[in-house]
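Visitor: For reference, TrEMBL lists these features for the protein:
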REGION    1-27  region 'Disordered'
DOMAIN    18-196  domain 'Guanylate kinase-like'
BINDING   25, 26, 27, 28, 29, 30, 31, 32  ATP binding site
Ligand code: ADP
Ligand code: 5GP
């Protein structure tokens with residue numbers, strides 16, 4: 001006698017996997033601006049808050065833009081396996097706290113990471129289902145204008161960031177989607193559509 005239980009023929013839709021989306025792009029292209037604009041209208045979008053050894057810029061607050069840590073604390077985060085990915089960028093270290101990302105995905109909440117190219121590559125390695133979005137400037141001249149115009153970095157740091165930008169721009173084809181940041185409103189709308 002068969003003990004098999006018929007489950008009927010109507011297909012059960014698979015549980016929808018919440019999405020992990022990575023937003024990368026050269027420093028000064030407008031990542032933070034676009035994400036802030038999108039979250040003003042859609043505060044339900046969860047953005048991971050990274051740890052960094054960089055000093056806060058005027059107006060940046062602990063736990064909002066970043067968790068600001070010193071080198072020793074960052075070493076401990078790495079040693080304890082608490083970072084999903086991390087990278088050194090233009091003289092400072094940045095990393096994504098692992099547990100908060102996993103908790104939100106588990107709870108069915110789409111997750112957005114705003115991280116650099118090296119971090120995006122690590123996420124692709126460890127989470128193949130992640131969606132990688134590249135934010136590109138309308139032109140190199142406009143990128144330089146934005147990074148300089150922001151007025152938050154010294155000329156030396158701007159130079160280091162532009163060096164990194166050349167490498168990041170050359171890696172655009174590694175990403176699933178490119179959005180060109182001509183209009184903050186348009187890109188924020190496009191990014192929101194990708195997250196859903
Ligand atoms: P990122 O987070 O990528 O380093 P920011 O969001 O800090 O870049 O933006 C860098 C500068 O460019 C800021 O001064 C911002 O106001 C400006 N900016 C961002 N998006 C645009 C845009 N679409 N057009 C003009 N300026 C922009
Ligand atoms: P900023 O100092 O301008 O805030 O950030 C510098 C660069 O570090 C940006 O490209 C930003 O996306 C990246 N970044 C921020 N947080 C992280 C992180 O947790 N991991 C990695 N790999 N990069 C990050």
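Just so it is clear, glycine is given a Cβ too, placed from its N, Cα and C backbone atoms.
Could you place these features in context, so I can see how deep they sit and what lies close by?
Guide: As a whole-number mean, the pLDDT of the domain 'Guanylate kinase-like' (18-196) in this prediction is 96.
Close to residue 25 (ATP binding site) in the fold, though at least 6 residues off in sequence, lie 31, 134, 135, 136, 137, 168, 181, each with a CB less than 8 Å from its CB.
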Visitor: Determine, from DSSP, whether residue 27 (ATP binding site) sits in helix, strand or coil.
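Guide: DSSP call for residue 27 (ATP binding site): coil, neither helix nor strand.
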Visitor: Ligand 2 is in the model; which of the binding-site residues 25, 26, 27, 28, 29, 30 have a C-beta less than 6 angstroms from one of its atoms?
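Guide: By the Cβ criterion, which requires under 6 Å to ligand 2, the hits are 27.
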Visitor: By a simple count, how many Cβ atoms lie within 10 Å of the Cβ of residue 31 (ATP binding site), its own Cβ left out?
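Guide: A 10 Å sphere around the Cβ of residue 31 (ATP binding site) contains 21 other Cβ atoms.
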